[in-house]
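J.: Encoded as structure tokens, here's the structure I'll be asking about.
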Amino acid sequence: MALILGSLSVCHCTTPSSPPPPLERELAMHQSTSQKSVNTQVVDPPNNHPDYRDDKGVTKVYFDNEAPLKINCTYPKTHRPVIWERTDLIYPLAVGTHIFSPDPRISVHYPHETLSQIMIVNATKDDAKRYRCQSSPQKPPKCASHMCVEKNEAFEQTFRAIYGIKPSTKMQAMASDASTLNVKSSVTISGPQMAFYGMPLELICRANFSSPEAKRDPLISLEWYHNGVRRRPSRVQSGGTFISSRWVDSNLLESRLLITWISELEAGRWNCVERSHINRRRLVNDPVPTPSMSFDQLNLQIMGKHLTLS
């Protein structure tokens, strides 16, 4: 394809020996000439696993009977002091290095200038509670004046201590509700099919699941691909590429992709892919043939004063 920008000519050539991108191989049998299509197909398992994220921002910490319960809190360097609390008590466990709890099993350590650790020796099932560490920004001497604007905000992190041995990722997947193996999803992309050179672009992908318990599944995630190549967040690429994800409802996951400066490089096929079935089968080594993934496609054209790309 030849592009003419004033007096500049650019030619993009693909030799027969060049292998297609990974997703291109997966979608090759399902490409069509339509501007937008929704497809379902069987593909090989991916090489990556999505990270588990608690939607309430709570970190799980496991401990065994009569073993020490250790909770590590990493805080900003400019924050002092660190306050440790147990959420069901009206008094703090510790402030800085000072212990306020009457429990003699509790101690606080600072292995690093940004790391605070609270430890409970001989922990029992009664210690399986919620704990919180928090701190506020400490103004340095040069910032003692009220005219100095403090940029940092108060820091807080919550932990849930769980009695028992931490299950492996494989066991968590196997222990999940069996009905999740049969959960179906439909993926749709919304956004313009034509964008102007140099302008921002936002694409929205929504995955609707057949089960209201989908939000509880840590393996569910949405991935963006451009011309078969995975697109990830970047502060440099295309002036900045930002990807966010949130649960709109218990069975509706939304991912937004924002490109701050569109160029001819963004022209072509955009895919949003949901792979939870593939990830789950791969974790538990299920011998059943790999189930389908769900995806949607949008073909994007870039328009400019002397430019039309697709």
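The backbone N, Cα and C atoms fix where each Cβ goes, glycine too.
Per TrEMBL, the features are:
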COMPBIAS  30-42  compositional bias 'Polar residues'
DOMAIN    167-272  domain 'Ig-like'
REGION    28-56  region 'Disordered'
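Context for these features, please: burial, neighbours, distances.
T.: Mean pLDDT across the domain 'Ig-like' (167-272) comes to 83 in this model.
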J.: Per DSSP, what is the residue tally for the domain 'Ig-like' (167-272) in helix, strand and coil?
T.: 21 helix, 49 strand, 36 coil
